[in-house]
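Asker: Sending over a structure as structure tokens; questions will come in a sec.
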Amino acid sequence: MENFFEKYLELSDKMTDTDTEKFRSELLEKIQSLEAKQNENVEKILGKLESLEKTTDVNNNSIELKKPENNFSGKGFILTHIFKNVSKIEENKNYDSDTEEYFNVPWKFSITKEDKRIGFLLFCEKPKISENWFIDTEYELKFRNPSGRSVEIRKFERRFENSVDGGWGSKECMEWDQLEKEFIFDDSLIVEVCVKIKKMEGTYQKTSKRCFSEPKFSDAVLISGDQKFYVPKLFLASQSTYFDALFHGQFQESKMTEITLTDIDSDDFQNFLELLHGESAIDEDTVEGILLLADMYDSKTATERCEDFLLNFSKKTMKKKLEMSTRYNLEKLKKNCMDSVKTVNDVKAVLFSDRLQIDPEIVAALLDKCLLINGAV
């Protein structure tokens with residue numbers, strides 16, 4: 001797959017009509033293969049959504065909504081990198097992935113070869129500042145085999161914080177001989193790191209613009225972490241189809257006075273509520289966390305305001321915006337990103353680091369645009 005993309009981009013400005021049709025045919029086969037794998041993942045996600053647990057604590061008239069474990073559609077992300085020329089990897093030397101930003105925090109990982117074993121470290125590259133902050137994480141190291149299936153190798157837990165430098169992982173993830181037999185093909189190794197953020201604190205450098213601790217004008221309490229948010233059901237229901245169904249549907253929740261939102265970051269929820277109440281809560285730090293909740297709770301207003309910020313004010317890279325447009329179904333932003341692609345180098349900047357996570361339709365559109373750029377179609 002790697003060689004196909006590189007060949008496509010290198011030759012796009014030299015193709016005849018016959019060459020173009022041949023590459024289109026090959027591209028279609030590749031995309032169909034990617035879509036087949038993606039459909040498997042979709043089925044798994046749907047299965048998890050259908051198995052959403054609801055447990056009720058009748059003693060205090062509250063309900064807790066639990067999400068399936070290992071669901072990376074929440075506050076989490078996947079880092080992917082293709083390490084080439086594996087046969088030339090030197091002993092006791094770090095080989096890094098690209099640095100990627102998620103929830104305004106930069107992350108990367110590295111692999112090493114030491115004592116005939118492969119080692120791995122995950123790095124949180126948030127600058128060390130005077131204010132205290134921490135990020136509690138769970139993450140899985142996976143390798144892809146030649147058939148394209150991701151195989152879990154190790155699991156880790158780690159608190160990354162202001163006072164601690166360096167990465168965290170293991171020097172002994174797998175014997176190098178086993179790695180070569182099972183996971184290295186075309187002299188390349190595809191590594192995935194699936195990160196779940198359990199809790200973040202002190203990472204947003206902003207003060208709250210509105211307080212939700214006043215019960216006087218509320219008729220429901222939403223609990224995130226150790227923080228209670230007093231909210232009016234009618235207003236929140238008008239802003240979110242999720243909360244409309246929660247408060248006014250035929251569910252036990254509609255009669256509950258307290259609802260615990262499991263695995264929801266309290267800072268993100270504070271920013272989300274501020275935005276719904278008309279405050280200027282969106283900035284480069286907060287936009288992804290708000291957008292995550294806007295998508296999860298199906299809040300059209302919050303989604304549109306986040307998309308407007310990304311379109312007109314954000315300084316995030318085009319690649320990052322394209323990734324967010326795909327994850328959160330932001331069609332205007334996606335079109336804007338695609339229109340911004342002017343050269344083959346622009347295409348390479350998007351595809352060459354983590355294209356294995358990009359929507360196959362976008363991959364096809366970007367590669368097709370190489371031909372348009374060079375007048376081959």
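Numbers run from 1 along the shown chain.
Placed from the backbone N, Cα and C atoms, the Cβ positions cover glycine too.
Just lifted these from TrEMBL, have a look:
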COILED    24-55  coiled coil
DOMAIN    76-195  domain 'MATH'
DOMAIN    218-277  domain 'BTB'
Asker: What mean pLDDT does the predicted model reach across the domain 'BTB' (218-277)?
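Answerer: Per the prediction, mean pLDDT sits at 90 for the domain 'BTB' (218-277).
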Asker: Tally the residues of the domain 'BTB' (218-277) by DSSP class, grouping H, G and I as helix, E and B as strand, and everything else as coil.
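Answerer: Result for the domain 'BTB' (218-277), in helix, strand, coil order: 30 helix, 14 strand, 16 coil.
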Asker: Summarise the domain 'MATH' (76-195) as counts of helix, strand and coil residues per DSSP.
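Answerer: Residue counts for the domain 'MATH' (76-195) by secondary structure: 10 helix, 72 strand, 38 coil.
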